[in-house]
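Peer 1: Under the heading disulfide bond, Swiss-Prot lists Cys83-Cys96, Cys107-Cys127, citing similarity to another entry as support. Among the features that Swiss-Prot reports, domain 'Cystatin' is placed at 21-116. As annotated by Swiss-Prot, motif 'Secondary area of contact' applies to 65-69, with the evidence given as similarity to another entry. Per Swiss-Prot, the feature signal peptide maps to 1-17; the stated evidence is sequence analysis. For Gly21, the entry in Swiss-Prot reads site 'Reactive site', with the evidence type similarity to another entry.
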Amino acid sequence: MKAIYLILTVLCGFSASTKTGGWRDKDVDDEDIRKFATLAASENSKMSNSLYFEKLVKVIEAKSQVVSGVKYNITFEIAPTECKKNGKGYDKLSECPLLESAPHQTCTAIIWTRSWLNDTQILKLKCKEGGSSC
């Protein structure tokens, strides 16, 4: 009887730590995580009133959750570049250098992707001043 109790205790403890449908940590250097963080940074840049394009500096934290597809909760840092929104000179945002001494922002995005539908949606995107500054 004690052996059964011990086995049940271990199994219950294990199942609680691997909760189905729960958020799981992801590698911040994962290619998909960087792709989705870049997408969210680009969307924030479009919505901002800044004269300059903003781009991804680094991914701080990332989690995923299996739903009908996959939801990603990504925290990342963005900063303005030297590229003006109404200017020319760079073909790709990745080529734009960061604007020196400009404040960085820390952003959190919830992104939902359903690969079989080729569908990716930004469900939530919020940024605030306070990332590291170069």
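Cβ coordinates come from backbone N, Cα and C, glycine included.
Surface or core, plus neighbours and distances: that's what I need for these features.
Peer 2: The local packing around Cys96 (disulfide bond), expressed as other Cβ atoms within 10 Å of its Cβ over all shown chains, amounts to 19. Under the DSSP three-state reduction, Cys96 (disulfide bond) is assigned to coil, being neither helix nor strand.
Neighbour count (other Cβ atoms within 10 Å of the Cβ, all protein chains): 23 for Cys107 (disulfide bond).
Long-range Cβ contacts of the motif 'Secondary area of contact' (65-69) within its own chain (Cβ-Cβ under 8 Å, at least 6 residues beyond either end) map to 21-24, 112-115, 117, 119.
Residue environment of Gly21 (site 'Reactive site') contains 8 other Cβ atoms, counted within 10 Å of its Cβ in all protein chains.
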Peer 1: Given Cys83 (disulfide bond) and Cys127 (disulfide bond), what distance in Å do their CA atoms have, once rounded to a whole number?
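Peer 2: On Cα coordinates alone, these residues lie 20 Å apart.
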Peer 1: Long-range same-chain neighbours of Cys127 (disulfide bond), Cβ under 8 Å, sequence gap at least 6?
Peer 2: Asn44, Ile78, Gln105, Thr106, Cys107, Thr108
Peer 1: Please report the number of other Cβ atoms within 10 Å of the Cβ of Cys83 (disulfide bond).
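Peer 2: Other Cβ atoms found within 10 Å: 21.
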Peer 1: For Cys83 (disulfide bond), name the DSSP secondary structure in the helix/strand/coil scheme.
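Peer 2: For Cys83 (disulfide bond) - judged by DSSP and reduced to three states - the answer is strand.
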